[in-house]
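According to Swiss-Prot, the features are:
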type	residues	note
DISULFID	C107-C149	disulfide bond
DISULFID	C135-C166	disulfide bond
DISULFID	C171-C219	disulfide bond
DISULFID	C200-C232	disulfide bond
DISULFID	C237-C279	disulfide bond
DISULFID	C265-C292	disulfide bond
DOMAIN	43-104	domain 'Sushi 1'
DOMAIN	105-168	domain 'Sushi 2'
DOMAIN	169-234	domain 'Sushi 3'
DOMAIN	235-294	domain 'Sushi 4'
CARBOHYD	N179	N-linked glycosylation site
CARBOHYD	T301	O-linked glycosylation site
SIGNAL	1-42	signal peptide
TRANSMEM	327-347	transmembrane segment
Amino acid sequence: MTAAPLTPDPTHPRRRRKSYTFFSLGIYAEALLFLLSSLSDACEPPPPFEAMELKDKPKPHYAIGEIIEYTCKKGYLYLSPYPMTAICQPNHTWVPISDHGCIKVQCTMLQDPSFGKVHYIDGRFSWGARVKYTCMNGYYMVGMSVLQCELNGNGDAFWNGHPPSCKKVYCLPPPKIKNGTHTFTDIKVFKYHEAVIYSCDPNPGPDKFSLVGPSMLFCAGHNTWSSDPPECKVVKCPFPVLQNGRQISRTEKKFSYQALVLFQCLEGFYMEGSSMVVCGAKSSWEPSIPQCLKGPKPHSTKPPVYSESGYPSPREGIFGQEFDAWIIALIVVTSVVGVIVICLIILRCSEYRKK
């Protein structure tokens, strides 16, 4: 009797595939662990620096003990004895690591111009730095007042312009004015701070010319006078009339430039506006003529000003300085009497003890 052939179990192949899968995963895990262990014994790429860069092409990882070499970037110079190499340490760090060995390329140091001075704004003259020029009083600048140290394509530093110069200040004659003149009309060139004075010509008409504006001009800069010249013109303000009031200054029939008028209201009226007006350059009163309104003057809502008369100062209080003097005298007298009483009490006590 022969045994029946065994029927293959359909689950066996699945077990083989599962064991094969576990075997593959183990190989992958060992490879990953090996890779991680190898990477754990390496340094990452060194950090970038502003002044220096790697001499060779950077790599993703570096072995322990591996040495890298740096070089200064364009626009920087090597400063001995700082090292330009770094070593991958067992703790996965780079030592030493610093860009102190590379300094910026410097421009040539600039000298002070004649009658002027150069100021280093940033306190240095390497590329990126700026300088500012100034001239002495009585001199003006020709050229750029601010220069900057820049870098060209070859890595060399240069100033972006030529240094300026300081020239002596001169002024051409000031402008002539209509109906007037100025002093020193025969001078063709004026030095720094030299001045002229303007005046008006006599007017053949009934009203005189008034000098409106500054009477004196001086040479303030190269071909620059201190202000615009004045004008000579007729300025005539209308006769000021104040209803329910009167002038308290001298009365005149004509009021020319800068004539001053003071006003006062009649009894039973109060003034609204300024009590003083001046004849302005446009033949009008400045400020406008006030008004005198009937009735008592309204009380001001503003707090009293102590500096004005009629109000006590904070130190005076309600009773004033006289009351303060009485208080001081009373304190002095009281103190003297108190001392005398104490002395008498002490004397009586000593006599009582002797008895």
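In case you wondered, yes, glycine gets a Cβ from its N, Cα and C as well.
Features recorded in Swiss-Prot, as mapped to the structure shown.
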| residue | record | DSSP class |
| --- | --- | --- |
| C135 | disulfide bond | strand |
| C149 | disulfide bond | strand |
| C166 | disulfide bond | strand |
| C171 | disulfide bond | strand |
| C219 | disulfide bond | strand |
| C232 | disulfide bond | strand |
| C237 | disulfide bond | strand |
| C265 | disulfide bond | strand |
| C279 | disulfide bond | strand |
| C292 | disulfide bond | strand |
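Between the CA atoms of C292 (disulfide bond) and C279 (disulfide bond) there is a gap of 20 Å, rounded to the nearest whole number. A Cα-Cα distance of 22 Å separates C107 (disulfide bond) from C166 (disulfide bond).
Cα of C135 (disulfide bond) to Cα of C171 (disulfide bond): a distance of 17 Å. DSSP classifies C200 (disulfide bond) as strand under the three-state reduction. Among the recorded positions listed here, namely C149, N179, C200, C237, C265, C149 has its C-alpha nearest to that of C166 (disulfide bond). Calculated from their C-alpha atoms, the gap between C279 (disulfide bond) and C200 (disulfide bond) amounts to 18 Å. For the domain 'Sushi 2' (105-168), the mean pLDDT of the prediction comes to 94. The number of other CB atoms found within 10 A of the CB of C135 (disulfide bond), across every protein chain shown, is 21. Distance noted between the C-alpha atoms of C219 (disulfide bond) and C237 (disulfide bond) is 34 Å. Separation of the C-alpha atoms of C237 (disulfide bond) and C200 (disulfide bond): 19 Å, rounded to the nearest whole number. Ranking the recorded positions C171, N179, C265 by the distance of their Cα atoms from the Cα of C232 (disulfide bond) places N179 first. Sequence-distant contacts (6 or more apart, same chain, Cβ under 8 Å) of C200 (disulfide bond) comprise N179, G180, K208, F209, S210, L211, C232. You'll find the Cα of C265 (disulfide bond) roughly 53 Å from the Cα of C171 (disulfide bond).
When the alpha carbons of C171 (disulfide bond) and C149 (disulfide bond) are compared, the span between them is 35 angstrom. The Cβ of C292 (disulfide bond) has 19 neighbouring Cβ atoms from other residues within 10 Å, across all protein chains displayed.
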